[in-house]
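Q: Let me begin by handing over the structure; questions about it come next.
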């Protein structure tokens, strides 16, 4: 692409300074021979993005002008092949000079930003789109130009109405970033479609990452209709809502009051009120309460249906079940919550065996932070999952690269009997 004028040192975006006039050589041809000329001169044409190879002839309605590539700068058609010259001299109506004016609208985000930033700088134009919001994460070196960068993105990207920049690390308790508006409307209420579901939330108050779409779908595909799913750190529902739409019963929780608010809104928005039990608790408290509530809810349902006889030995309903899966999507600290599974099904061992119920699968997300993340990850997982959780087999799934030395993984394993029933002294503390 033809580069824009260099404007290093610009402190306020002036679109009028991004104008450039280029002169090209054109061949005047009969309109009726346009297709023939385009075929023969295919490799000799202007062929520049957003520019036409054929333009109207200002001197006649019966002819067109075909524009040659930028290497052809003289009327004698230097740099053209002899075959092309012969064809033009035989079939053409003459050679002319043609001017093209390029304006700010011609160039893309990267082109304009590179022209503004100091020479040699990389363009920090990558962003994540969340509804009408473009979310950038600018390094300190680019902060002097942050408002211009935001304005260029706003100008160039369709459907973007707001550009924001992360100003701090993620809040470890409520999982949201502090942000500032760089350009556009100060409207942080985003609406997103994902996995055939609709989500609405305040992007400045909750955690949402559109780059996890594939991971959400991957895990949901594992679940079967009728499964019971426990989503410990549910956010606004990117796992919980699609899972409920699949026909699962979901117990979903988030400590952040704003996430809980929008989780409730998204449950109603997607019409899955009868499939999701929402909570606003600490993760450890929720894991224990969800297990108790599942038992109570199943007993109440069975008593209503009057189809399950009471077990005279245990004085409980004969049917018992566990959650099929626990989702723990809080990569920074999820592993620290595994102690909540210690003795989670204590005194329920006979019920689980009699009901032939499997203990749940746990899907725990984590980060690695080192120059050798694979080694660190394996050592950490072996220490916590194998030793503390007494798990012999587990699967590690790479989710995405978060930073040059930071990766996100999902570790999946079945809760061990030793930890669930507290039959040994070794467990996560």
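Placement of Cβ uses the backbone N, Cα and C atoms for every residue, glycine included.
Okay, so TrEMBL annotates it like this:
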- 216, 254, 255, 282, 283, 329: S-adenosyl-L-methionine binding site (BINDING)
- 127-417: domain 'SAM-dependent methyltransferase TRM5/TYW2-type' (DOMAIN)
Q: Which residues in the same chain, at least 6 apart in sequence, have a Cβ under 8 Å from the Cβ of residue 282 (S-adenosyl-L-methionine binding site)?
A: 255
Q: To what whole number does the mean pLDDT across the domain 'SAM-dependent methyltransferase TRM5/TYW2-type' (127-417) round?
A: 88
Q: What is the biggest Cα to Cα gap, in Å, among 216, 254, 255, 282, 283, 329, the residues listed as binding S-adenosyl-L-methionine?
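A: With 216, 254, 255, 282, 283, 329 as the binding residues for S-adenosyl-L-methionine, the largest Cα distance is 22 Å.
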